[in-house]
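Colleague: Okay, here's the structure, questions in a sec.
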């Protein structure tokens, strides 16, 4: 409402406005008898206005703004309108109308309550910082404008209460930090003592481990030496077996040579016998009693059997040289006999038997030598693998000892 008093009575314009109002009280005021003086009239009007404001009436602020400075109704100047809004402080009036009775400049508000938001830095503008403070502390109780912060007593109390809590918390935190610092120092000292004891125990354990490892290395070295000795013995046995095998091979070659020589002698004897039989022609005359000829098998049975050792010592060369000189082939006639040939055949048969037996013995011995050689090779391979394993274990122990020494 806009009231005015001139002289000792209400203006006619006011009375007309009040008479057209929908409010019964306003109409009664307009139609009532005017007071005797202007002071009484003003007091009466204020009382009526106060009575109406305390009732159902709602106060409105009505402002008339000029659209421009040239007096033209069809033109609007934005700068002129903004200047009038700033001059009339309409923004403050709007914010204050919502129950906000206290105004802070943005910088002052931020400077006072900056501790409530420690994450803010200088790169954040004052407006954003104040909005964050209001939102995080008392949302709904304050409003942030373009250059001011608006709030009521409740908003101020909340902000101050948060600030006091922060200060008390900081003091409590400082005391807690002092206590924690003391506890940390005590704990650090205890940890240092415990660490020193652990280091001593670790050094002792490392020393014992080194001694144990050294003993194991010595044991492995001894085992390695034993394995090396056994390998040397096996190699020596293997060499002996190889030499023996070479000897056996030489003997086998000699036996083959003897067999070939015997075969040649047998063929030569057969050829000579065939030639003698072809040339033998019986002479005419009285038949003289010939000595009884016995078959070869009888001669062989009548010939005294030589012992095995004597047969083994027979040599091919003397027999080969003696056979042609003992053979005597006479022309056909009475009293012809072949005792030397029978004796040579008997010796040849005995020599063949000895050679056959010797061949069988050599085959059996060669088989035995081959089996023994395979066993020795397998044992040598096993000892070689064992030696490699022991060598790897010794190397691992040596490396672990070097690492422990490096750690010390």
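Using the three backbone atoms N, Cα and C, a Cβ is placed for every residue, glycine included.
Pasting the feature list from TrEMBL:
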- 189-200: compositional bias 'Basic and acidic residues' (COMPBIAS)
- 209-218: compositional bias 'Basic and acidic residues' (COMPBIAS)
- 273-282: compositional bias 'Low complexity' (COMPBIAS)
- 294-303: compositional bias 'Acidic residues' (COMPBIAS)
- 189-218: region 'Disordered' (REGION)
- 267-307: region 'Disordered' (REGION)
Colleague: Who are the chain neighbours of the compositional bias 'Basic and acidic residues' (209-218) in space, where the CB to CB distance is under 8 Å and they lie at least 6 residues beyond its ends?
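Modeller: For the compositional bias 'Basic and acidic residues' (209-218), the list is 393-394, 397-398, 400-401, 404-405.
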Colleague: Mind checking how the compositional bias 'Basic and acidic residues' (189-200) divides into helix, strand and coil residues in DSSP?
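Modeller: Split into helix, strand and coil, the compositional bias 'Basic and acidic residues' (189-200) gives 12 helix, 0 strand, 0 coil.
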Colleague: For the compositional bias 'Basic and acidic residues' (209-218), DSSP counts of helix, strand and coil?
Modeller: 10 helix, 0 strand, 0 coil
